[in-house]
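**Student:** Okay, here's the structure, questions in a sec.
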Amino acid sequence: MATRVTSRREGIAHADEELLRSLGYKQEFRREFTGLETFGIAFSIIGLLPSIASVLFYSVPNGGPAAMVWGWAVASFFILLVGMSMAELASAAPTSGGLYFWTHSLSSPRWRNLLAWIVGYANTIGSIASIASIDWGCAVQVMAAATIGSADQSFSPTSAQTFGVYVAIVLSHAVICCLGTKALARLQTVYVVLNVLLCLAVIIALPAATPKEFMNSADFAFGNFSNFNGWTNGFAFILSFLAPLWTICSFDSSVHISEEAANAAVVVPWAIVYAIGIAGILGWAINVSLAFCMGTDLTDIIASDQPMAQIFFNSFGQKGTLAVWAVVVIVQYMMGSSMVLAASRQTFAFSRDGALPFSGWLYRMNGFTKTPVNTVWFVCGWSIILGMLSFAGTQAINAVFALSVVALYVAYSIPIAARFLGTNDFTPGPFNLGWWSRPVGFTAVVWMTFMGIVFLFPTSPQTDIADMNYTIVVLGGVLVLSLIWYYFPVYGGVHWFTGPIPTVEKEVHGSGSASPELGSESIEKGGEKNVLVSENV
């Protein structure tokens, strides 16, 4: 029996390596992630309860209980469509580059280089913004615990104090993500178990512990719509979608560890679909529980530093809240760790193809851990810089949450659209929607385009410089700078960027059909570039 299991594992490993070679890349990572652990990285980044805690300030003022419950249900359905479309691409070409690799492979020859460049940078800034938003949420939760634990809840953290905690969290994640692949993979199982147990505990314990004065009727929980920000009710309801969209996001993380997952063509797509589906159901149950137990004084909840912490305090009291909140903070911390892991792999893949500044330094494997340590510190360093928006005001740092969604939706939508609009010979993998691929993909792209525009709006129609939405400033600035570099005379990417660079012998290409339309020009120039990169490793 042991021999048969070993033989099967070796067969899967060989198939994974051959598929990766057909896409143009050699096997550089150790494939230590099992199916559960591949699911775990996406599910742990979603986070659910701590994620919902981080973005309640979007849903409560923009519709109250009705927006929390029904906004989550509506958004979750469309997010699942996005995930299913991405899963099809991940099954056909499971590589760490993922989104920009698919974009280049599926787009028309005239536009493939530029579109791959844009998607790569949008994915990079989106991943870094996700680290920043998750870890900032964790820092706020730590400070909320300090406030709850202080005498008469009198402690009020300053921006500098919260930023200091944030920096410490980011740096500790950098240290963790420098570990070997096997250790990082095993951590995902722990994250999944803690995450699910925390969700179930709150869904059951919160209604049981909430005093009668804070318990709401079904009419209030499912039907009360409270609009505090000044937009029309319809638009406010749409703005409340940021809570589920930010929570159930970054599921491309499973894609970015494709080269570390066993049986990637099957495991990665199902990890995406299962993570979104389970998160949608459990998240809806959490929001229903909160809606029944939050009381009717929404103004007091909105005015608090941490809305969910205030709901817990009203239900569990000081000691009970601190006990539950400690677990919330731990799970949120785990989310950040998984996000750094995924972002570092995406950055490694993008630098492998020479598109990032200092790619020669970024595209290096640590000789001891066999992981890309340089890209770990790169994404964490930029996350700290992005966190400095906190000194520009509450709305400025809150824009990081919208930024992560909008940037990632730019990166998600282009390859999905390119599959159906570009000139390509797409060959589906084991995960395939069949006839439904086109309508699901079309709906997903329209949804992401619409929501990407919506999230550029400020919190209220009456705004000023301090309260504006800085998403367009940060994302627009990064994309504009990336385009300036692309078209820069003589040295710009337009003169040398040809998309994914093969890291295997040229004759290997064409041996598989999972990589559609990988141009011969890219192979020739990529082969020359690969010699330089390999010498730097």
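Cβ atoms here come from the backbone N, Cα and C positions, even for glycine.
Where the annotation comes from TrEMBL, it is an automatic prediction and has not been curated.
These figures come from a predicted structure and were not determined experimentally.
Annotated region 'Disordered' per TrEMBL: 510-537, in sequence order. Per TrEMBL, the feature transmembrane segment maps to 39-60, 72-102, 114-134, 163-185, 192-210, 230-249, 261-286, 322-343, 373-393, 399-418, 439-458, 470-488.
Any idea what these are sitting next to in the structure?
**Tutor:** Sequence-distant contacts of the transmembrane segment (39-60) (same chain, six or more residues past either end, CB-CB distance under 8 Å): 33, 67-68, 71-72, 130, 133-134, 137-138, 140-141, 188-189, 191-192, 195, 198-199, 202, 226, 239-240, 242-243, 246-251, 253-254, 257, 267, 270-272, 274-276, 278-279, 282-283, 286-287, 290, 298, 301-302, 306-309, 328-329, 331-332, 334-335, 338-339, 341-342, 398, 401.
Sequence-remote contacts of a segment are chain residues at least 6 beyond its ends whose Cβ falls under 8 Å from one of its Cβ atoms, and for the transmembrane segment (72-102) they are 19-20, 23, 25, 29, 59, 116-117, 119-120, 123, 241, 243-245, 248-249, 251-252, 254-259, 261, 264-266, 268-270, 272-273, 275-277, 279-280, 283-284, 287, 345-346, 348-350, 352-353, 355, 411-412, 414-416, 418-419, 426-433, 437, 440-441, 443-444, 447-448, 500, 514-515.
Through the fold, the transmembrane segment (163-185) approaches residues 29-30, 32-34, 37, 131, 135-136, 138-139, 142-143, 260, 333, 336-337, 340-341, 344, 366, 369-371, 373, 376-377, 380, 383-384, 387-388, 390-391 of its own chain, all at least 6 residues removed from its boundaries and within a Cβ separation under 8 Å.
A Cβ distance under 8 Å defines the sequence-distant neighbours of the transmembrane segment (230-249), meaning residues of its chain 6+ beyond its ends; these are 46-48, 51-52, 54-56, 58-59, 61-63, 66-68, 71-72, 74-76, 79, 130, 133, 276, 279-280, 283, 401-402, 404-405, 408, 451, 454-455, 457, 459-462.
Using a Cβ-Cβ cut-off under 8 Å and counting only residues 6 or more beyond its ends in the same chain, the transmembrane segment (261-286) has close neighbours at 9, 12-13, 15-16, 19, 31, 33-35, 37-39, 41-43, 46, 48-49, 52, 69, 72-73, 76-77, 79-80, 83-84, 86-88, 90-92, 94, 196, 199, 202-203, 244, 247-248, 251-252, 254-255, 429-431, 514.
Below 8 angstroms of C-beta separation, residues 40-41, 44-47, 49-51, 53-54, 124, 127-128, 130-131, 134-135, 137-138, 141-142, 144-145, 148-149, 169-170, 173-174, 176-177, 184, 187-188, 190-191, 194-195, 198, 201-202, 205, 250, 252-253, 256-257, 308-309, 312, 316, 376, 379-380 of the same chain, each at least six residues beyond the ends of the transmembrane segment (322-343), sit close to that stretch.
Only residues 6 or more beyond the boundaries of the transmembrane segment (399-418), in the same chain, are considered here, and those with a CB under 8 A from a CB of the stretch are 54-55, 58, 82, 85-86, 89, 99-100, 102-103, 106-107, 115, 118-120, 122-123, 125-127, 129-130, 132-133, 136, 242, 245-246, 249-250, 252, 386-387, 389, 424, 441, 444-445, 448-449, 451-452, 455-456, 469-471, 474-475.
Taking Cβ pairs closer than 8 Å, the transmembrane segment (470-488) reaches residues 114, 117-118, 121-122, 125, 129, 386, 389, 392, 395-396, 399-400, 402-403, 406-407, 410, 455-456, 494, 497 in its own chain, all 6 or more past its ends.
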**Student:** Counting Cβ pairs under 8 Å to the transmembrane segment (114-134), which of 192-210, 373-393, 439-458 comes out on top?
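**Tutor:** The stretch I would name here is 373-393.
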